[in-house]
Protein chains: 2
Amino acid sequence: MARRSVEIKKIQDRSKRQVTFTKRRQGLFKKAGQLHSMCDADVAVIAFSLAGNAYAFGDPSVSSILDRYRQAGAASPEDIYPVAVNLTAAEKKVGEILEKAAETKGAGGRSVWDKEVEKLGFGEIEEMENAVEEMKKLIGLQKRRILSNESNCGE
Amino acid sequence: MARRSVEIKKIQDRSKRQVTFTKRRQGLFKKAGQLHSMCDADVAVIAFSLAGNAYAFGDPSVSSILDRYRQAGAASPEDIYPVAVNLTAAEKKVGEILEKAAETKGAGGRSVWDKEVEKLGFGEIEEMENAVEEMKKLIGLQKRRILSNESNCGE
DNA sequence: TAGACTATTTATAATGA
DNA sequence: TTCATTATAAATAGTCT
């Protein structure tokens, strides 16, 4: 982010990687603290360096947030409603693209998604949009199921 | 951080705070992913909104990092994942699920998606959401690209 | 190995649709 | 409300101590 644009991929040089880890970890923790202060959100960040050292940040405290997370996460039992959504051809198209993306591990820090998506024509794009909407619905449903024990009326 | 310098203190306006929370949470997760990719560090971020919703990010996964954190200090340097991928964990997860879904095909109206999505835990759901959001952006971009080339009638 | 410095890139607050 | 856009602040890669 400075002097030169840099690829988001593993830094090979040991000492450079170490320096970057320190700088970016500090930046990450700072951002986390700002999110806490500005939005009254409880935030925890844990980072393990390649060397195995643990660094943690938490407002109000790491352990309190982890406890809360465990508690919330434990609320995802098996008693889930079945949903009925049909897979369309477009959805399968999404799958194919993602498959390629996962295989190729694109260079340049970005996934291959971009390139694949760029090849799509107008008709396919609309199908993709629909497919993604379906995905969003499913994900939203599942999320509400999991979080349903929290009875706050958000938004 | 833009247009105007902003104080790092609680935002009083509800909707503004909500918007800021979303934006900054996304930024935080992105940075966490970059730290993971570039420095081979395991990183987890958990954020609870004021409304009580939980958002989590983790490469390679939230729970694995939390487990590791619980064993604080006990971790040896060899415990660390030697992976450096450009795809996020969430993107791969989406890919895996869609792959399975595409294989099985929509048999009786109910796709495999539902079942796969239902298996997701608390932390993974948010990762899925992020991945899908990214897909939506890409698709939107491409759509606009296409539309801007098809003469002048936009939309 | 650890700070400063700063040229740039990146994130984002405000705005607009 | 939720997008996309844009002007600007903030983060940071490379560099030099």
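A Cβ is built for glycine as well, from the same backbone N, Cα and C atoms used for every other residue.
Here TrEMBL flags B:1-61 as domain 'MADS-box'.
DSSP places the residues of the domain 'MADS-box' (B:1-61) in helix, strand and coil in these numbers: 26 helix, 15 strand, 20 coil.
Averaged over the domain 'MADS-box' (B:1-61), the predicted model reaches a pLDDT of 85.
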